[in-house]
Amino acid sequence: MAIQHPDIQPAVNHSVQVAIAGAGPVGLMMANYLGQMGIDVLVVEKLDKLIDYPRAIGIDDEALRTMQSVGLVDDVLPHTTPWHAMRFLTPKGRCFADIQPMTDEFGWPRRNAFIQPQVDAVMLEGVSRFPNVRCLFSRELEAFSQQDDEVTLHLKTAEGQREIVKAQWLVACDGGASFVRRTLNVPFEGKTAPNQWIVVDIANDPLSTPHIYLCCDPVRPYVSAALPHAVRRFEFMVMPGETEEQLREPQNMRKLLSKVLPNPDNVELIRQRVYTHNARLAQRFRIDRVLLAGDAAHIMPVWQGQGYNSGMRDAFNLAWKLALVIQGKARDALLDTYQQERRDHAKAMIDLSVTAGNVLAPPKRWQGTLRDGVSWLLNYLPPVKRYFLEMRFKPMPQYYGGALVREGEAKHSPVGKMFIQPKVTLENGDVTLLDNAIGANFAVIGWGCNPLWGMSDEQIQQWRALGTRFIQVVPEVQIHTAQDNHDGVLRVGDTQGRLRSWFAQHNASLVVMRPDRFVAATAIPQTLGKTLNKLASVMTLTRPDADVSVEKVA
């Protein structure tokens, strides 16, 4: 697809493997991951600096695991508040739904508050670790065109200078109003909510109560959220007939804050901004050499804090696949699995967010009365209460097709789900999270067994070329048993007993884990070779001997 550009000779040229449009969180995460894989990356951003106005405030365990994968989680954690509960209140202040999960199966608290601009700054600083990654601010993407083997981008600087970029791939992380998506005429299906919300951030939190509260007041629903670094966020629905300009007037802002504070005059306003909530999904995530990610691919209301986290899932899913393709280790058909795996889950998160918004502000007043009564009764049913407390209603990502091999019934299979991340003990006695022992790699993880036993020499060579780590998990008391050591295998102790429980529950002894920590396949030692051949095929790995049939029999 060719897009014409004004006939102006470009002054500067950049030639890279991946161009990323947008220096938001998804673009910066893509840049960090690809950077550590040695990919030559250029990030182009229209603004002159990172956005610092009110944005996302919730980061989940999956997103923190993604931060961990690029070595930034320790710098991110100081800007978070772990175990951040969400409570729905009636107009009289009674809590009718409490979302307070205390599980950490992926290594991190499931719900966390955070300050997005500070975390974005951590990611921007993170790319400076890689000489192969550059970020150019004050660059407007004016046009682009696709050829058989590259994408050409035409940029304009703030001074009006023209630049041209040649890239093998373009990843569009340029937001809900994505220029790239609109230029490609990709339908952005969904709707825009009729009501807007004004967001107010206040320093030196005048309430200082923990957690986040959603008050379902039919007169004016509002949100009160405790954020890190003593910041309080209030969100108020903008009612019909009101405008942002009116609400910004001191007397009207005072009236809004008097709803939640005893002294609305004694506050330190950081900033305020009006938002419109959209629920939209791109029809396609890949268009030849262009891939859409984050808000460019899907946008959703804020009520479950999943817009940011869904973007992190996009980046984690796409980055390792793109790296394999660029490195020549897989054919570009692997990139088709990005949409296949991510689009359905993004749709599920949009639906959940819309539902949560309808709980907070039902379209009809009688629906709010019904909600309060039903929720009060359901709280007396322990299974229902646990369902909300433990956040079981959140659709966990599960892929039914794509870069995976499933054997048996999909409903009970762990394949296509994220693998757990417990603590493990290393042979030197150190205790660490599982991902830290594996790195940003594939892993073949075996309970008690040597994971190399079921593989041919050719398969070992093939999977090692991908950077695969071979892990043998043993009970912690066996970690120093010398006769169980195998060359090229990392032995770890099951510190918490969680890995033993996982393998027992799923009736498998071997797991093939992808770099994004999803289970690509399960096996036993006698079937591992056959399973790896199938996986190599569906992932379109490029080694010519990937289709050799190997299966050991005792």
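Each Cβ is built from the backbone N, Cα and C atoms, and glycine gets one as well.
These numbers come from a predicted model, not from an experiment.
Taken from Swiss-Prot, the feature FAD binding site covers 17-46, 285-295, and the record attributes it to sequence analysis.
Positions of the features from Swiss-Prot, shown on the structure.
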residue	record	Cβ contacts under 8 Å, 6 or more apart
GLN17	FAD binding site	ILE39, ASP40, VAL41, ALA167, GLN168, TRP169, ILE326
ALA23	FAD binding site	VAL43, VAL44, GLU45, LEU47, LEU50, LEU124, CYS135, PHE137
MET29	FAD binding site	THR66, VAL70, MET123, GLY311, MET312, ALA315, PHE316, ALA319
GLY35	FAD binding site	VAL41, VAL127, ARG129, PHE130, ASN132, VAL133
PHE285	FAD binding site	LEU291, LEU292, ALA293, ALA297, TYR338, GLN339, ARG342, ARG343
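For the recorded site, ALA23 (FAD binding site), the DSSP three-state label reads coil. In three-state terms derived from DSSP, LEU291 (FAD binding site) belongs to an extended strand segment.
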